[in-house]
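What follows is one structure encoded as structure tokens, with my remarks underneath.
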Amino acid sequence: MNNIRFARTTLPAAAAATLSLTTLTLLSPPPAYAQSSPNKTDIASVKKSIASLIEDDAERRGDGTSLTGTFVRLAWHCAGTYSKVDNSGGSNGARMRFDPEASWGANAGLDVARKALEGVKEKYPEVSYADLYTLAGVVAVEEAGYVVLGPKIPFRLGREDAASGETSPKECGLPDADKGSRKNTIQHVRDVFYRMGFNDREIVALLGAHALGRCHEDRSGYWGPWTFAENTFSNEYFRLLIEERWSPKISHNGKPWNGPDQFEDSTGKLMMLPSDLALIQDPAFKKVVELYAKNEEAFFKDFASAFSKLLELGVSFPSTKAWYQFW
């Protein structure tokens, strides 16, 4: 039995002559700062509230956009700072609420997602921000299927909230969209994901999240959605990568394009980043892209596994077993 300590005590002489006794005492684990209470939380109810938030917000917008992609990006960026070298970063702490992470350019616009979730936090105060932000990404994916729901993402509560950003990584560490050349961009993608402990197949699966959402000029400088169904989780991203012809974007709304280098399809309505095209420019990556373009079931299965892994990097979940001490 784990976490058991034995100690022997001697009863007073008036009670008995040097009689030893072992007693059993149930202890509670030491409290963590703002940690979720998995045993006290109805996670299904929390997920339902997040799903309703996404749906209601989309109806208010009425323009075909939603919080779906933003919530996935929020979860991704909370977790994508992890380094297996020193076990730093990761979703634990929800440190994006504080500087330096709140001010990183890669996190521009994510304050919208964090503010949107405040109502859910008020309804379920026992859920940590770290759990809430990552769960929002899970719900976004699961609810974004077309004919059927999106992939089911394994998820558990237990992340803690930090009191400040003091333990944030000193540098951002999130993937950049472009490193100036094809070779450098491909290597950068691998460096970032290998640092977290992912392999090539997992890298391609995770980047398939670009099926959701779009880029905004006022946030990243890039413009446009990756697919024509930006609120639907599917393998369309991979099909488009393979089947479309992607050309450098040179104009936008009838004017010269002055933003960072990106690529567009024949309609000019869809976009790909240099880091997206890296997936078909590298032979090992391309094999996985081709697989996912033909087999959505394989993509869903791999994404669910890789995304769940991403969200748990660096998290020490509380034991579900009772702590005992013998006296």
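From the backbone N, Cα and C atoms, a Cβ is placed for every residue, glycine too.
No curator has checked TrEMBL annotations; they are predicted automatically.
Over in TrEMBL, the protein carries these features:
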SIGNAL    1-34  signal peptide
DOMAIN    110-315  domain 'Plant heme peroxidase family profile'
REGION    161-181  region 'Disordered'
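Mean model confidence of the domain 'Plant heme peroxidase family profile' (110-315) amounts to 96 (pLDDT, 0 to 100 scale). Secondary structure of the region 'Disordered' (161-181) per DSSP (helix as H, G, I; strand as E, B; remaining residues coil): 0 helix, 1 strand, 20 coil.
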